[in-house]
Amino acid sequence: GDSLINQFSLSAVFQIFLTLLSFSYVAKALAGIFMKISSTQIERRFEISSSLAGLIDGSFEIGNLFVIVFVSYFGSKLHRPKLIGIGCLLMGTGSILMALPHFFMGYYRYSKEINIDPSENSTSNLPNCLINQMLSLNRTPPEIIERGCVKKSGSHMWIYVFMGNMLRGIGETPIVPLGISYIDDFAKEGHSSLYLGTVNAMGMTGLVFAFMLGSLFAKMYVDIGYVDLSTIRITPKDSRWVGAWWLGFLVSGIVSIISSIPFFFLPLNPNKPQKERKVSLFLHVLKTNDKRNQIVNLTNQRKYITKNVTGFFQSLKSILTNPLYVIFVIFTLLHMSSYIASITYIIKMVEQQYGWSASKTNFLLGILALPAVAIGMFSGGYIIKKFKLSLVGLAKLAFCSATVHLLSQVLHFFLICESKSVAGLTLTYDGNSPVRSHVDVPLSYCNSECNCDESQWEPVCGNNGITYLSPCLAGCKSSSGNKEPIVFYNCSCVEVTGIQNKNYSAHLGECPRDDACTRKSYVYFVIQVLDAFLCAIGLTSYSVLVIRIVQPELKALAIGFHSMIMRSLGGILVPIYFGALIDTTCMKWSTNSCGARGACRIYNSTYLGRAFFGLKVALLFPVLVLLIVFIFVVKKKFHGKDTKVSENERQVMDEANLEFLYDSEHFVPSAEEQ
């Protein structure tokens with residue numbers, strides 16, 4: 001009877017743990033995806049560059065690296081459920097900390113205020129072309145005008161997002177490795193893969209929910225609930241639009257904190273039999289003898305620690321002098337860097353190249369790209385099992401994956417849209433001639449007497465198809481007022497280029513992309529989905545390669561060192577240097593109320609595409625060369641030997657592939673999960 005009760009207790013506690021771990025995986029996915037898809041929104045809200053936004057994005061990995069060694073070594077020796085609970089609590093706290101600046105920065109201003117009484121509606125005393133129209137475009141609530149310079153600019157409030165993301169990285173570290181080890185220790189023989197698959201499948205629902213919620217929040221104005229939305233004249237397609245980025249972090253933070261609470265009430269061991277409790281009484285009698293032995297044990301422990309440290313450095317030297325392992329680390333780093341760049345900046349790329357809103361991009365990523373990756377990962381696992389691929393076969397599969405990814409980047413060069421025709425950036429203000437540089441383009445006779453603020457970004461689209469930086473710089477004399485859609489009339493710069501058109505008008509907002517560019521956008525996304533599917537098939541081989549090219553006793557160290565390199569040189573640095581590259585293609589920077597440079601308003605889409613895809617090609621070409629060298633060395637080292645994947649290694653691969661897919665930060669497999 002007691003054994004039946006104990007078995008029931010084991011089953012109940014273990015099932016509760018699985019349920020809670022699944023919930024924590026959902027929370028983990030929400031926070032990770034929200035960070036990726038909110039990067040552009042954060043960039044605009046805090047008036048920062050893409051490289052700085054990339055640093056904020058990489059702070060998650062910085063936090064993770066702070067505690068990964070502690071968790072890996074001490075985690076299994078401590079109370080794992082409570083450590084996971086603490087991790088979820090920290091993760092939730094970090095997410096909420098990331099959202100806090102929204103509540104302290106004041107309202108978001110996407111337009112410069114004009115400090116003139118809005119009740120005046122006369123044009124007789126206006127010194128330039130469009131003062132009264134700008135008054136009618138005073139889109140910001142009047143309460144904001146009284147704010148001071150520091151309050152307006154947001155100062156350095158982005159530091160809270162940086163610290164919160166770092167704290168989230170610290171909190172997320174114990175969840176996966178300790179959760180997997182707990183399942184592996186207490187699951188029935190041969191059932192651990194099934195349980196891990198179930199937990200990760202639940203985590204997948206978190207990824208889908210994150211993209212769907214991200215799409216919804218991106219359509220909501222950042223100050224929803226605080227300002228009259230009828231006064232907001234920009235749309236989600238506007239380069240100044242900021243969605244409710246903070247709402248995602250608030251939701252994920254609350255979910256994470258709720259998921260943490262039950263873990264504190266779970267036992268260290270789900271099955272502590274009665275016999276073990278009786279033995280504890282006997283152990284109490286032996287406590288005196290234990291104290292006597294403590295001095296001897298302390299001396300032995302010191303020798304043991306010294307031996308361990310020496311052994312660690314010897315093991316590290318062994319894997320770093322292994323040519324196959326070194327080549328593997330280098331080409332996987334280069335390969336993964338390309339993927340990290342894609343997932344970090346895909347929304348910005350699609351927005352700038354094709355004019356899609358962040359909401360639309362998030363939605364399509366959630367319903368098309370993510371399932372394609374999932375199907376590809378499981379298809380890759382099936383292929384490896386079905387054909388029982390050898391080590392050379394796995395390397396060839398990885399080579400095919402890298403080749404497909406490289407070809408897709410080359411194809412993207414043919415899908416780059418020409419930069420928009422923008423008077424003052426790509427054309428002269430009269431729209432008649434292209435300019436060599438977007439810097440300090442001189443005014444034209446059509447707007448030279450308007451006394452316009454050239455730093456302002458209030459784009460209008462002339463009926464000649466040219467975008468102007470502001471109604472004033474378009475030479476417009478009148479407008480439809482607050483009546484939507486807002487149209488500006490008698491625009492002298494539009495008149496110069498619209499000889500056959502008597503209606504020299506412009507409407508608020510940038511000119512849309514032409515039909516040819518729109519068609520390219522759909523081809524681009526189809527290629528992205530196919531690339532995600534085909535590459536995911538090949539990338540499954542990486543999780544097995546890393547454990548086959550080192551000695552069995554060095555497997556854990558090899559995986560851990562590989563993970564550290566991926567996170568430090570990939571997860572942290574890639575968003576920064578790709579962001580810095582993107583910044584170099586900016587044509588128009590915003591200026592905050594203090595006159596400092598803010599976020600980029602418009603990029604040269606031609607240069608942006610060439611630079612972004614060019615750097616990815618530069619990363620991927622050496623991958624192919626290194627993989628050819630890798631295959632050659634493997635053939636030379638293992639010729640005539642059986643290098644096929646064993647059953648145990650296939651099980652490791654299954655678990656690693658699930659984690660590879662689930663890694664919500666950049667879809668890179670973490671070492672500790674294996």
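Cβ coordinates are placed from backbone N, Cα and C, and glycine is handled just like the others.
Keep in mind the model is a prediction, meaning the values are calculated, not measured.
Listed in TrEMBL for this protein:
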type     : residues : note
DOMAIN   : 8-637    : domain 'Major facilitator superfamily (MFS) profile'
TRANSMEM : 12-31    : transmembrane segment
TRANSMEM : 52-71    : transmembrane segment
TRANSMEM : 83-104   : transmembrane segment
TRANSMEM : 201-222  : transmembrane segment
TRANSMEM : 242-268  : transmembrane segment
TRANSMEM : 324-347  : transmembrane segment
TRANSMEM : 363-384  : transmembrane segment
TRANSMEM : 391-415  : transmembrane segment
DOMAIN   : 440-495  : domain 'Kazal-like'
TRANSMEM : 522-545  : transmembrane segment
TRANSMEM : 557-578  : transmembrane segment
TRANSMEM : 611-634  : transmembrane segment
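Across the domain 'Kazal-like' (440-495), DSSP classifies residues as 4 helix, 10 strand, 42 coil. Long-range neighbours of the transmembrane segment (12-31) within the same chain, counting only residues 6 or more positions beyond its ends whose Cβ lies under 8 Å from a Cβ of the stretch, are 81, 84, 88, 91-92, 94-95, 168, 172, 175-176, 179, 182-183, 186-187, 195, 198-200, 202-207, 209-210, 213, 248-249, 251-253, 255-256, 259-260, 262-263, 266-267, 270-271, 662, 664. Counting Cβ pairs under 8 Å to the transmembrane segment (83-104), the top-ranked stretch among 52-71, 242-268, 391-415, 611-634 is 242-268. Under the criterion of 3 or more C-beta pairs below 8 Å, with sequence separation of 6 or more, the transmembrane segment (611-634) and the transmembrane segment (324-347) qualify as touching.
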